[in-house]
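Here's the structure, in structure tokens; my notes come after.
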Amino acid sequence: MSISAPQPLPQPADGVANTEGTVTDRLVAANAEYASAFHDPGMDARPVLQVAVVACMDARLDLHAALGLELGDCHTIRNAGGVVTDDIIRSLTISQRALGTRSVVLIHHTGCGLLGLTEDFRHELEAEVGQRPSWAVEAFKDLDQDVRQSMERVRTSPFLLHKDDVRGFVFDVHTGLLREIDPKG
Ligand SMILES: [Zn+2]
């Protein structure tokens, strides 16, 4: 472990907690460093590979690294679980109709936080705050089946233009490998 004197933000990723400022201060400092070396690639907003990736927000899933993606290649649309909710359909509709994407890739993963939850989470929340959330928790017990359900929600959406190339996967957080899910089960 480093015993060096305190350094300005950001700290290197050496596992030593930064005691200066908040985590957001650290991110802002990292951004200043990023921008100092940034060159405008001159791209427009349409993804180069014409693909939208819908994935869980999990911190262990680095989509660009895991899929060999570069800046500007794709849309990444993320939420808890990577489940296809109305808001994901909203983003996919804009992605396809306004910004030219044609393919959809869905990625769930092993060890997902939603695997341990049930709709009881929603009931307990309602009991605590006195208000029923308008959204479903979208918890699931079977990863493969939930990927299939997500594929089906994309394929049956009336709002999307392109539904021929919709594929679903489970990412293994221990091996880094994708496993494709057969939509027919
Ligand atoms: Zn997850």
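Cβ atoms here come from the backbone N, Cα and C positions, even for glycine.
Among the features that TrEMBL reports, Zn(2+) binding site is placed at C56, D58, H109, C112. Within 10 Å of the C-beta atom of D58 (Zn(2+) binding site) sit 21 other C-beta atoms, taking all shown protein chains into account.
In this structure, of the binding-site residues C56, C112, the smallest number of CB atoms within 10 A of the CB marks C56. Sequence-ordered, the extra residues of this chain that approach the Zn(2+) site, with Cβ no more than 8 Å from the Cβ center of C56, D58, H109, C112, are A55, M57, R60, L61, G81, G82, I107, H108, T110, G111, G113, L114, F171, V173.
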